[in-house]
There are 2 protein chains.
Amino acid sequence: MKKVKIALLGIGTVGGGVWEIFQTNKEEISNNCGCQIEVAKILVKDPAKKRDGSIPQHLFTSNFDDIIKDKEIDMVVEVMGGIEPAKQYILTAIGEGKHIVTANKALLANHGDELLEAAKNKGVKLYYEASVAGGIPIIHAIKESLAGNKIQQIMGILNGTTNYILTKMTKDKVDFSEVLKEAQDKGYAEADPTADVEGYDAAHKLTVLASLAFGASVEFQEVYREGISKITPIDIEYAQELGYAIKLLAIGKEKEGVMELRVHPTFIPESHPLASVNDSFNAVFVKGNAVGDLMFYGRGAGDLPTGSAVVGDIIAIVKDIENVKINGYYAHKKLEKKVKPMGHTEGEYYIRLIVKDKPGVLGAIASLFGKNNVSISSVIQKGEGIPEVSLVFITHFTKEENVQAAINEITNFQAVVELANLIRVENGKKRMGA
Amino acid sequence: MKKVKIALLGIGTVGGGVWEIFQTNKEEISNNCGCQIEVAKILVKDPAKKRDGSIPQHLFTSNFDDIIKDKEIDMVVEVMGGIEPAKQYILTAIGEGKHIVTANKALLANHGDELLEAAKNKGVKLYYEASVAGGIPIIHAIKESLAGNKIQQIMGILNGTTNYILTKMTKDKVDFSEVLKEAQDKGYAEADPTADVEGYDAAHKLTVLASLAFGASVEFQEVYREGISKITPIDIEYAQELGYAIKLLAIGKEKEGVMELRVHPTFIPESHPLASVNDSFNAVFVKGNAVGDLMFYGRGAGDLPTGSAVVGDIIAIVKDIENVKINGYYAHKKLEKKVKPMGHTEGEYYIRLIVKDKPGVLGAIASLFGKNNVSISSVIQKGEGIPEVSLVFITHFTKEENVQAAINEITNFQAVVELANLIRVENGKKRMGA
């Protein structure tokens, strides 16, 4: 299998996530792109500094020339952040014909046109999915999947810190400054929170998104920007009374060649999908003239979610370099996987029985569940004094075949009129994401 | 600008949507793919039948050979549905080296491996974004953006008809059969509703998604399938009492080479993002080991949303044929667009004033709003008998500069202590999607 060599500029949060993903998902990644991707160099300030022991020491260099002059390195992945020297490194790498992946929203918002023009002229790719909304593939979607649409509107919750603060203010009815302090103590917010709470971060991301969605040049300075520091629990209470949630939204609209670009706290109806995007989650709502309303929801930050976006871009470029034609089902090879028989699946179960209302019936049924290793978490009985009543059970996490065996015995029990329904419970609260 | 010729097989709902998108978004599409795409032939049973007058009569043919033997046609877009003759047409077109776009989930679920193997061997592309969840770009996301992940779970609301029925049963507390009949009368459900209500349609889509997400062969027959016809308003009521919503979910999980594949009505916690996906909307929830939880939400059916997915695939293939390198910002050319000054934007506004609690204050403030052409939709006054009270207004749809002018006069009014907050309202209920 052919090898493609890449270099990382920086190995902080995002770079560390990228490294971890390449280690953990080695097999999936090779299979998805039909070749091996090797991190051949990592640019750092101080190669001697103590770091993640899984990274071989010889990969570190403090000399950018080691990367730029290595003809075997096809791609430079910029995950160092900041404007300079990131910008100069990227331009130099483009000049050497290397493809670029970057997660740097501030750089793109301020110098995106210049960088992309340079990449276009040199015939290399510059991808930047990770620059907006972390792991959510919104850039790919706008750039490729929605290419047949005229995009009329984008509305995004693009900053996790402010969404976390607003959620907490709403739930606990506490002041902005109190939640901010707590978030800073926990490391969710920066010591200098200005970029997040005053909306600069969201405005950077809106600049990148709007430019793509509307196919125009967008200047960061043209984005209207207002932060959340003036929001009080009183405003949140009024919002709720009126049927709204307050969110920091990044809004881009376009009509007849005129764009609206603004970031500000916003009332949105509680019924709107963005209203229930809570905590540090991000979401982007897009309206296209063909596709209608679309929403993308996920983790907007963090080493692995952002790393996922970076690695997705790296794979896309590698497939292009290697001219891998992917037809959907087919990657490098088909994996051998088995299907689990339904009886072996596990979950919680809602079971509704119609039973004769006689003493001892509940006890007898409960015993039959127990005998089949099905334990019960809730029971509801309604409608006393009528001859036939509904008896509703929610089970604990258990095996489907145990439930079926119990049901088989229970429905043969003379006091049970019928099994009115059995419905599976997914993502039960106690096992979110199981 | 170069021209690429394509042929449509069929011009029903989806084909009509594709045609309309090419007419309406001609400029955007050319700009996004750097060439002109021309629908050169349309295969129909009866070319003489009366149809959409915007389609030139000479495009229609009932002879597949007219398409297959036309060397200028690079791509065949199958939007006729059904297994045969769609399958044979696609295989023949692949044999002639033509690229394929299809929206046919039943065909893919039953013969996907065979078709994709044929495309792979011939070196042509076969794209099928529209086959699952209409306009939601879930296939592109799994295939490309999440290529660095090991996908652990997919859970989707993949059938709009059943989601509409369950939503209606929940809101109106009426029986399945009653809602089904109403949906049939309105044309939302088929005369023979089996494919939808018994979960076959969702199982077809799960087959396609799971095959991609888990990189394995998935047989449609291996998917456990149960429909919604046994769900009653009583079960929905119990679900709500216990904190759940009932949804028809298509669930795929994978662990250590063993897949779970099942379609059945499911209890999901009300706090889960899928629980609030209502009416005919679709959504897909994906869990990757790097990206974490992601959700995609949108229109799962309809001419334009499904057409959007088909056109996205067509553009992706055309860009590949023409070797168009897209760097995100840059397509064919940058459009000239202006930014609207903030004062010219329009919306509704939440305005909270602190005022002295004296007779006539509300009237005076209301007059100042009126004088500046700001009309008020709600007023809330709280805290009587204290010297300074909050006065909250929600305006009707109005211009930002009118609101700012009104606020300027109001805050100069002696009974007004301060403007405590002004927050913009987006997607006000009266103007959803404005």
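For all residues, glycine too, the Cβ spot is worked out from N, Cα and C.
Per TrEMBL, the feature NADP(+) binding site maps to A:LEU9, A:GLY10, A:ILE11, A:GLY12, A:THR13, A:VAL14, A:GLY15, A:GLY16. Counting every protein chain shown, 25 other Cβ atoms lie within 10 Å of the Cβ of A:LEU9 (NADP(+) binding site).
Secondary structure at A:LYS105 (NADPH binding site), as computed by DSSP, is helix. If you look up TrEMBL, you'll see A:LYS105 marked as NADPH binding site.
Look at A:GLU190 (L-homoserine binding site): DSSP puts it in coil. The L-homoserine binding site annotation in TrEMBL covers A:GLU190.
Neighbours of A:LYS205 (active site, proton donor), defined as other CB atoms within 10 A of its CB across all chains, total 27. Summarising the annotation, TrEMBL assigns active site, proton donor to A:LYS205.
Under DSSP, the residues of the domain 'ACT' (A:350-424) split into helix, strand and coil as follows: 23 helix, 32 strand, 20 coil. What TrEMBL records for A:350-424 is domain 'ACT'.
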A:THR13 (NADP(+) binding site) and A:LYS105 (NADPH binding site), Cα-Cα, nearest whole angstrom: 15
Residue, out of the binding-site residues A:ILE11, A:VAL14, whose Cβ gathers the largest set of other Cβ atoms within 10 Å: A:VAL14
A:ILE11 (NADP(+) binding site) in three-state DSSP notation: coil
Shell of the NADP(+) site beyond A:LEU9, A:GLY10, A:ILE11, A:GLY12, A:THR13, A:VAL14, A:GLY15, A:GLY16, same chain only (C-beta within 8 angstroms of their C-beta centre): A:LEU8, A:GLY17, A:VAL18, A:VAL79, A:MET80
For A:THR13 (NADP(+) binding site), the number of other Cβ atoms found within 10 Å of its own Cβ: 17
Rounded Cα separation (Å) that holds between A:GLY16 (NADP(+) binding site) and A:LYS205 (active site, proton donor): 22
Largest tally of Cβ atoms lying within 10 Å of a Cβ, found at which of the binding-site residues A:GLY10, A:GLY12, A:GLY15, A:GLY16: A:GLY15
Pairwise CA distance, A:GLY12 (NADP(+) binding site) versus A:LYS205 (active site, proton donor), rounded so that it is a whole Å: 20
Site of maximum Cβ density within 10 Å, from binding-site residues A:LYS105, A:GLU190: A:LYS105
Alpha-carbon distance [A:GLU190 (L-homoserine binding site); A:THR13 (NADP(+) binding site)] in Å: 14
